[in-house]
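Visitor: The structure that follows is given in the form of structure tokens.
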């Protein structure tokens, strides 16, 4: 079984000179989910949306082509794709000739689906940047914080008040790569219906990820799991928009609804 320590993270590697799908490094989701307490049927649906900013190949005549792309990896794929390996794989296309852009897209779909163990979708282009986004930010709350990890779900409570439907956001989520220790920065959105979540506690909880080491996808699943257990909303959608590294950013979304609530699809200003 592949582990994060087996990947190219934190290692000096040569950039590929030709197309090489073996560069893609899948990491089973099961171990990360077991650490959270997700051992049975998953309480969510969702996807990991990747934005690729550095995609290039050669056309049939050898002329370079450039593009951006949006990739969707389903939440129930047996494996996630380690980000540095995806960067190296996409770079392996740089000197490869294709007859059409569609041939490139099809090749990426096939390779990613094989490694993830589920159908991955790929489309050219990126969502628009939105400087406002959905919801109400909790970042201006006047709170004292001195707990930066590990994540502390005890901060999460729901108020004994009538049910609301609201979207709460924070740009203060930070976690760290579990292999290299590099910081991962994100804006996070919670859309839910239920008793009002106590906002100061939610902010303290999100900040308690600051020294925590876990992959992006696992952080979002941990947030979803903790909020669902501690606050018991009728339904919940959690999405994080991580900042770019190596020409890629990751945007995991988890929802308790079979069809996720209509959060807008956009890129954050920091992306």
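Counting starts with 1 at the first residue shown.
From the backbone N, Cα and C atoms, a Cβ is placed for every residue, glycine too.
Sharing the feature lines straight out of Swiss-Prot:
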BINDING   81, 82, 83, 216, 217  substrate binding site
BINDING   83, 84, 245, 246  NADPH binding site
ACT_SITE  177  active site, thioimide intermediate
ACT_SITE  184  active site, proton donor
Visitor: How many other Cβ atoms are found within 10 Å of the Cβ atom of residue 83 (substrate binding site), counting all protein chains shown?
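Guide: I get 23 for this one.
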Visitor: With the substrate site defined by 81, 82, 83, 216, 217, which remaining residues of that chain have Cβ atoms positioned within 8 Å of the Cβ centroid?
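Guide: Apart from 81, 82, 83, 216, 217, the close residues are 27, 48, 80, 86, 215, 250.
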Visitor: For the recorded NADPH site formed by 83, 84, 245, 246, name the remaining residues of the chain with Cβ within 8 Å of the site's Cβ center, in chain order.
Guide: 86, 87, 247, 248
Visitor: For the substrate binding residues given in the record (81, 82, 83, 216, 217), what is the largest pairwise C-alpha separation in angstrom?
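Guide: Largest pairwise Cα separation, rounded: 11 Å.
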Visitor: By CA-CA distance, flag whichever of 81, 82, 83, 177, 217 among the recorded positions is nearest to residue 245 (NADPH binding site).
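Guide: With Cα distances computed to residue 245 (NADPH binding site), the winner among 81, 82, 83, 177, 217 is 83.
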Visitor: What does DSSP call the residue listed as 'active site, proton donor' in the simple three-state scheme?
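Guide: In the DSSP reduction, the residue listed as 'active site, proton donor' maps to strand.
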Visitor: Residue 246 (NADPH binding site): which of the recorded positions 81, 83, 184 have a C-alpha within 10 angstroms of it?
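Guide: Within 10 Å of residue 246 (NADPH binding site): 83.
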Visitor: Any idea what the Cα distance is from residue 84 (NADPH binding site) over to the residue listed as 'active site, thioimide intermediate', rounded to a whole Å?
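Guide: The Cα atom of residue 84 (NADPH binding site) is 11 Å away from the Cα atom of the residue listed as 'active site, thioimide intermediate'.
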Visitor: What is the Cβ neighbour count of residue 84 (NADPH binding site) at a 10 Å cut-off, with all protein chains included?
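Guide: So the number of other Cβ atoms within 10 Å of residue 84 (NADPH binding site) is 22.
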Visitor: For a quick check of understanding: among the recorded positions 81, 177, which residue's Cβ has the most other Cβ atoms within 10 Å?
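Guide: Per the Cβ count within 10 Å, the most buried is 81.
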Visitor: Cα-Cα, whole number of Å: residue 216 (substrate binding site) versus residue 184 (active site, proton donor)?
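Guide: Residue 216 (substrate binding site) and residue 184 (active site, proton donor) have their Cα atoms 8 Å apart.
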Visitor: Within a 10 Å radius around the Cβ, which one of these binding-site residues has the most neighbouring Cβ atoms: 216, 245?
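Guide: Most Cβ neighbours within 10 Å: 216.
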